[in-house]
Amino acid sequence: MYSLERSSCFHPTKEHLRKKRTVVPCSTDNEELRQHLKLYKSNKIRTTKYSLLSFLPKNLFEQLHRLANVYFIFLAALNFIPLVEAFQPEIALVPVMLVLLVTAVKDIWEDYRRFKFDHLINRLLCHVYSSKQKVYIDQCWKDVRVGDFVRLSCNEIIPADMLLLYSSDPPWETNLKQRQVVSDHPLQVIEFSPETFHSRIECENPNNDLNRFRGYMEHSSGGRVGLHNSNLLLRSCTIRNTETVVGIVVYAGHDTKAMMNNSGPRYKRSQLEKRLNTDILWCVVLLVIMCLTAAVGHGFWLKNLKDPIFVTDVETPPTLAGFYVFWTMIIVLQVLIPISLYVSIEIVKLGQVYFIHNDLDFYNEQLDSRIQCRALNITEDLGQIQYLFSDKTGTLTENKMVFRCCSIYGVEYPHDENGKNQNTQTFIYLRRRHIFTWSWYTGAPDEEGETMTLDTEADTYSLILQPVQSSTKRDRIVVPDPELVKKLNWFCSSVLPLSEGSSTTSSSLELTYITDFFLALTICNSVVVSSASQPRHMVTRTPLKSLEEIKLMFQRKLDLSATGEGGNAGPVEKDIREDAIKDAKAQTVCGNGPKQDVETDSDSDTDDELLYEAESPDEAALVHAARAYRCTLRGRSAESLLVDLPGIGSLAVQLLHILPFDSNRKRMSVVVRHPLTGHVVVYTKGADSVIMDLAETPKAQEIYNHIREQTQKHLDSYAREGLRTLCIAKKVLEEEEYDVWLKGQLLAESSIENREELLLESAQRLETNLTLLGATGIVDRLQEDVPETIEALQRAGIKVWVLTGDKQETAINIAYACKLLRPNDQLLTANCGSKDACAAFLQELKLEVLQGQDSMTERTAAGTDGESSLGSMASFVLVINGQTLDWALQEELKSDFLELSRRCKAVICCRSTPLQKSQVVRLIRDELGVMTLAVGDGANDVSMIQMADVGIGISGQEGMQAVMSSDFAVSRFKHLSKLLLVHGHWCYSRLANMILYFIYKNVMFVNLLFWYQFFCGFSGSVMTNAWVLILFNLIFTSVPPLIYGVLDRDTPAETLMGLPELYQAAQASKVYIPHMFWVTVLDAFYQSLVCFFIPYLALAGSDVGVLSFGSPINASALLIILLHQVLESHTLTWIHVVVLLLSGGSYFGFVLLFSVSCVTCSPPTNPVGVETLQMSQPLFYIICAVTTVTALLPRMLFRALHNTLHRSAALKSSQMDKVASEEYRKRMQHWNLSHSRVNRLPVCADNPGLEPGLEPCTSSVVS
């Protein structure tokens, strides 16, 4: 046994444990290894931040990271010093304790939600093998350990990262990534038994790279097998398309890749918060100035005091007394620093996120998904976006591919009807005894069962119309090209028209190309085949005898060397073809030919619709296209594929290797043993820029050069049409050549160090000297409302850049389709061959743009070009390819590229890599200092999304990597318009106004205390009791700003969507800018002067006490502050009214209760009866009314005057629309009157703007 022999001699060292992880079954006999497994983390997860014991110290420690909290704790402690004490020490603790308590409650609630989720996950059950009971038992996820064997069934969730040891079928995870059993494992063919597993696994230590797994498995015999990413089942994924899998846990709990990538909600600091921090510093400066003024004033007051009539401390020097007063005033005026503002901002942002999250316009019924707000603290940045960087595929487009055209053997076969949004009919071509089923798109639905006939020179086809109802079916249906159909009919026809010049005549070489082309489309993929009655189609046996017979038959067809280059078929070729056809008909599905068995009945295969599940939409589109020409993928296993070929029937194709697609090679290859020739063949599909370079060009064969040239022309044409292009190629290997390559491939697969580099080199050695078969063009339709969304964003002043990996022509075509490019825009294309050429060309383009903008400005000033809604910046669009962009981003050329791009309306970066995308975003963000937003849907967009100020992921066909890395996640690109133009505008406006209001009310109230110092010798005394002083800003006036920040709407949503210019107008007249801070402070100073001195003048000469003097001042301040918010609010609902009444009522209720019940609550003053007495006198109400009106009147007059002279952008835009509509009506009336009655349009509901009464609506129009 290995566990007794091999593991006994393995002793892991500390150095070994630091570099690698060793995994053996938990039931191993090696005690040292068993103890070693216990050192690994369990599968129990814990995402909570606190425990019962750690909450208090840890939460307090975290809150002390906020300088505002530290500041107020310092002031509370300072108030305990008798020499500088302003009021009772315990009262000074109330503000900071309340803020800390509210924050702690919020943190507890969030942590409790995480705890409940952790508990739910940890209690999930899975089947774990028990070495004692010798069976699989139910066990909680939290009890799973490294080294446990876990058995899973279809649609079960994977509890931990497991190495796949057994599968009844090759399993697929929920993201349609196929997983493979460890290669060369001795137990992978039979039913797996954990008792017979005695291997040792060596793998890398836990990391967060989802696409990498390195290691090897050492068997008891000493042999090693390499492990790679496709052997690893990842936690939280779901098993699909297989009945049973068994794996051994290698990473558990927080060591799993999923948990290591789960960093929780993203935290970013918004620009508004950064601006706020600056203003808080200015508040500190104001506080210090006011306290210094009081300290100096108190020193001078003591120095000049002669024969005081009241008790003073004459022993303390004036300088020292001034020093004490400085700290006393710091305590008294502490409200100037808004301690509750930070908590209020968090609450407001949560409210904003709640309303964004529950906006029904963001709900996608098809996906049953809504917007996700993953970053909770940058909602206001959505209203300040200036540059938007977008991916193309899956972001602007559907990422639902439809086969549109192909080129084979240098001949183009258009499929223009595919994917059109028209009614779909299915045409069944009946030709003699062989049936071909096609699809056709017609403009209007025909009656079911209607029969038509189509006559051609070659033959007659009977067409049976069958309506297709499903829109998803419409996307998959491919309308075959008639010419290509005729050529493929050669395989199933007993008599062929082979006359000279016949269009149906094809050379044997062209037929070989066509057959290989569609065979490549069928098998060069990782598509899973299933049907409604059978979840997975598998190959079960291969009739080798019949296969050999078919190989001989097919070779007889294709051994026509004399006419290999094309042309018309001669008599010899005709005889050979007829013989081959007779042989084929005797052995195909038309007669009693061979058939391959599938794990479902042949009848069900015929009746059930085959379902193809692919990793990418491109693969599915190509497989559906091949199926339309009867090259059908029917089943898949780890070793073979089951395919149907036209005229041949079902064949099993031996699958030797799959070289998956990667971003470096930009291609995918499969190595198979050809089912008809027996040769080892490599089929490759990939980007045209790569495949065309790898294709061989034999000098002696003119036909190959012709194919290459024609294919390149077709590729350029497809790209100009905006299609996604792929090239298809093949390579036939000699057995010796394949054996040599196989050794290197196996060595690379079993390597731990530099495994990716070795696999890349191995693939590159194989994929050389390819034979170009053809190319495909796939259309990726735009998402709905993309043109309208981009137009709205541009009208809002947001510059839209497209960063894509597609061809330049494709990107340009898509840009026109989505209105990023317009017909009158001037296109600047930068495709340079060297760095020097790039530098010169950028300079040339800069001059061209400057001259163009100058001339455009002159024309605009002259009134000849005033119709451009986007101004002079709308004329130039820069298109740059990946190589040129690489040079442009270098330090020497960066400034030129930046200057050029900022003067263009839009920039399109083609063939760009993920790294280049992030570099472009960083360049614009840092150098121009603008607010950037990046949106994408795939893993290649993650770096760009994370680099931008705001990252938005689109949950589509490319997985969840972009969503997991984003700040916000939406399902469609069109949602950006409302997210930015409406919610972004609202969030910024609300939060900015709320912050200014907080600063205003704090400065206003603090100045009341400051003005009083001029009448009390700058002693630090106050004219109100300490409880009112503390609670005024903390309780009585704190809730209305929260409602204001969550519910206020300065402009209705319909107006913001209809007038995107308002977004730019709001940016141009930013609410929260430096001078607005000082305007707010000056307004607060004025109102405080009015609020203090009107009561002072009214009560001058009376015998009122200090608290009686402060009573009308406090009441007036409360009314002014609350009514000030009413003036600033754009929305007034019943919620606002209730909150305002409760705020005012809470103040008056508190002071009245305090006045009648509290005798010793505020020593040395006695508040008993003060408020009740004051509120019983009419003078109190007169003072409050006069003070409130006088304080708010200037603001009311300023608002009225400003709205009269400077109308809001919304009002001006709506009036402009009305004026434009009226001018249009008048022009049409003038045109109508100036033309004859014959040419006049009828007036009816369709033309409401024209002169009525002259022609009836039913009259005909001749013009």
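Every residue gets a Cβ built from N, Cα and C, even glycine.
Residues annotated as active site, 4-aspartylphosphate intermediate in TrEMBL: Asp391.
What TrEMBL records for Asp391, Thr393, Asp937, Asp941 is Mg(2+) binding site.
Annotated domain 'P-type ATPase N-terminal' per TrEMBL: 32-91, in sequence order. Here the domain 'P-type ATPase N-terminal' (32-91) has, by DSSP, the following mix of helix, strand and coil residues: 34 helix, 0 strand, 26 coil.
Feature annotation from TrEMBL assigns domain 'P-type ATPase C-terminal' to 963-1206.
Under 8 Å from some Cβ of the transmembrane segment (67-85) lie the Cβ atoms of residues 92-93, 95-96, 99-100, 280, 324, 327-328, 330-331, 334, 337, 339, 342, all in the same chain and six or more residues away from its ends. Per TrEMBL, transmembrane segment is recorded for 67-85 (among others).
Cβ atoms under 8 Å from those of the transmembrane segment (91-109) belong to residues 49-50, 55, 59-60, 62-63, 69, 72-73, 75-76, 79-80, 331, 334, 339-340, 343, 346, 1026-1027, 1030-1031, 1034 of the same chain, restricted to positions at least 6 beyond its ends. The transmembrane segment annotation in TrEMBL covers 91-109 (among others).
Under the heading transmembrane segment, TrEMBL lists 280-301 (among others).
The transmembrane segment annotation in TrEMBL covers 321-343 (among others). Panel annotation: around the transmembrane segment (321-343), residues 66, 68-69, 71-72, 75, 78-79, 81, 83-87, 92, 95-96, 99, 102-103, 276, 280, 283-284, 286-287, 290-292, 294-296, 298-299, 302, 313, 995, 998-999, 1002-1003, 1005-1006, 1009-1010, 1013, 1018-1020, 1022, 1029, 1032-1034, 1038 of the same chain, lying at least six beyond its termini, place a Cβ under 8 Å from a Cβ of the stretch.
The feature transmembrane segment is assigned by TrEMBL to 995-1014 (among others). Below 8 angstroms of C-beta separation, residues 272, 276, 279, 283, 286, 290, 294, 297, 329, 332-333, 335-338, 341, 344-345, 1020-1023, 1029, 1032-1033, 1037, 1041, 1044, 1071-1072, 1076-1077, 1080-1081, 1083-1085, 1087-1089, 1091-1093, 1113, 1117, 1120-1121, 1124-1125, 1128 of the same chain, each at least six residues beyond the ends of the transmembrane segment (995-1014), sit close to that stretch.
Among the features that TrEMBL reports, transmembrane segment is placed at 1026-1047 (among others).
Within the chain carrying the transmembrane segment (1077-1098), a Cβ under 8 angstroms from the stretch's Cβ atoms is held by residues 279, 282, 286, 996, 999-1001, 1003-1005, 1007-1008, 1010-1012, 1109, 1112-1113, 1116-1117, 1120, 1124, 1179, 1182-1183, 1186-1187, 1190-1192, 1194-1195, all 6 or more beyond its ends. Taken from TrEMBL, the feature transmembrane segment applies to 1077-1098 (among others).
As annotated by TrEMBL, transmembrane segment applies to 1104-1123 (among others).
Counting only same-chain residues 6+ beyond the ends of the transmembrane segment (1135-1159), those with a CB under 8 A from a CB of the stretch are 1025, 1027-1028, 1031-1032, 1035-1037, 1039-1040, 1043-1044, 1047, 1111, 1114-1115, 1118-1119, 1122, 1125-1126, 1129, 1166-1172, 1175. Residues or ranges marked as transmembrane segment by TrEMBL: 1135-1159 (among others).
The feature transmembrane segment is assigned by TrEMBL to 1179-1198 (among others).
Here the C-alpha separation of Asp391 (active site, 4-aspartylphosphate intermediate) and Asp941 (Mg(2+) binding site) works out to 7 Å. Look at the recorded positions Asp391, Asp937, Asp941 and count other Cβ atoms within 10 Å of each Cβ; Asp391 has the fewest. Listed in sequence order, the residues of the same chain lying 6 or more apart from Thr393 (Mg(2+) binding site) and placing their CB within less than 8 Å of its CB are Asn399, Arg724, Asp780, Thr804, Gly805, Asp806, Asp937, Gly938.
For the transmembrane segment (1179-1198), same-chain residues at least 6 beyond its ends with a Cβ under 8 Å from one of its own Cβ atoms are 1083, 1086-1087, 1090-1091, 1094-1095, 1098-1099, 1111-1112, 1115-1116, 1119-1120, 1123-1124, 1127. Summed and averaged per residue, pLDDT over the domain 'P-type ATPase N-terminal' (32-91) gives 82.
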